[in-house]
Amino acid sequence: MRKPLVAGNWKMNGSSASNNVLLDGIIAKSDTFASVDVALFPPAVYLHQVQQALAGTGLFWGTQNLSQFNQGAYTGEISALMLADFDCDYVLIGHSERRCLYAELDLDQRVLDRIVAEKYEMSVKAGITPIICIGESPEEHAVGRTEEVIARLLDTVIAYQGVEGLAHTVLAYEPVWAIGTGRSATPEWAQDVHSFMRQRVAKHDPTIAESLRILYGGSVNSNNAAPLFSQPDVDGGLVGGGSLNADEFVKICQAAVLKLG
Ligand SMILES: O=C(CO)COP(=O)(O)O
């Protein structure tokens with residue numbers, strides 16, 4: 001049985017004061033979801049605050065991005081080694097907001113997937129578990145290209161690092177059309193796509209595929225979390241807006257506990 005994981009992506013939200021309220025609310029109820037893994041992803045400037053608050057609670061933390069380079073003249077970037085310095089457990093890689101809004105191309109205009117693969121390698125080497133986000137755009141969704149888009153990214157990551165790295169990786173299916181829209185994928189749709197992802201990995205290594213956690217992200221809330229998480233190949237959620245309110249996020253984490261029966 002894969003242990004469910006609920007990840008709260010705060011995106012560019014919060015302040016020292018509001019973070020304290022949110023953290024206190026989550027920590028106060030953490031014994032009600034102790035049987036699942038829960039991780040918080042604050043903006044990098046608040047990493048220290050979150051690390052201090054969560055130390056000893058059993059909750060995990062991470063960041064929303066990392067550089068594909070180790071160190072040097074990369075203004076504004078944060079390396080895997082720096083994240084390891086903060087005992088980060090996880091890092092989000094390839095979130096659609098980075099791909100779309102920040103056009104993560106390198107100087108040779110190489111494809112985005114390659115950058116994702118390089119970041120993935122950096123995090124694995126630093127001992128930080130990557131959560132690789134993939135999903136189709138509204139346009140790709142409309143013309144039925146979901147599986148093609150997902151297969152392309154998965155194959156690039158596997159080709160670059162080998163399937164073995166996926167033993168230390170979490171995948172997140174985040175359809176762009178469901179992010180921040182209030183229009184979540186149906187549980188059936190999420191299950192179909194997650195199953196496709198697992199089967200694609202299984203072609204390379206069935207054992208790794210079976211143990212691989214695949215999260216669903218896109219308008220997860222306290223009403224739809226339980227039906228989504230009840231699907232056999234949905235191993236938890238990557239939550240944006242729903243992770244900014246302690247009561248709402250705690251309910252989503254508790255929904256993941258139901259999956260354990
Ligand atoms: O992008 C997401 C999490 O990374 C999902 O965001 P929402 O839950 O706000 O739709």
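Cβ atoms are placed via backbone N, Cα and C, with glycine included.
According to TrEMBL, the protein carries these features:
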ACT_SITE  HIS95  active site, electrophile
ACT_SITE  GLU174  active site, proton acceptor
BINDING   ASN9, TRP10, LYS11, GLY180, SER219, GLY240, GLY241  substrate binding site
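Positions of the features from TrEMBL, shown on the structure.
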| residue | record | Cβ within 10 Å |
| --- | --- | --- |
| ASN9 | substrate binding site | 27 |
| TRP10 | substrate binding site | 21 |
| LYS11 | substrate binding site | 18 |
| HIS95 | active site, electrophile | 28 |
| GLU174 | active site, proton acceptor | 26 |
| GLY180 | substrate binding site | 12 |
| SER219 | substrate binding site | 21 |
| GLY240 | substrate binding site | 23 |
| GLY241 | substrate binding site | 18 |
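Secondary structure from DSSP puts SER219 (substrate binding site) in coil.
Among the binding-site residues ASN9, TRP10, LYS11, GLY241, the residues whose Cβ sits under 6 Å from any atom of ligand 1 are ASN9, GLY241. Overall, the recorded substrate-binding residues ASN9, TRP10, LYS11, GLY180, SER219, GLY240, GLY241 cover a maximum inter-Cα distance of 14 Å. Residues ILE179, VAL239, GLY242, SER243, LEU244 surround the recorded substrate site, their Cβ atoms falling within 8 Å of the Cβ centroid of ASN9, TRP10, LYS11, GLY180, SER219, GLY240, GLY241, which are themselves excluded. Checking each of the recorded positions ASN9, LYS11, HIS95, GLY180, GLY241 against GLU174 (active site, proton acceptor) by C-alpha distance, the shortest gap belongs to HIS95.
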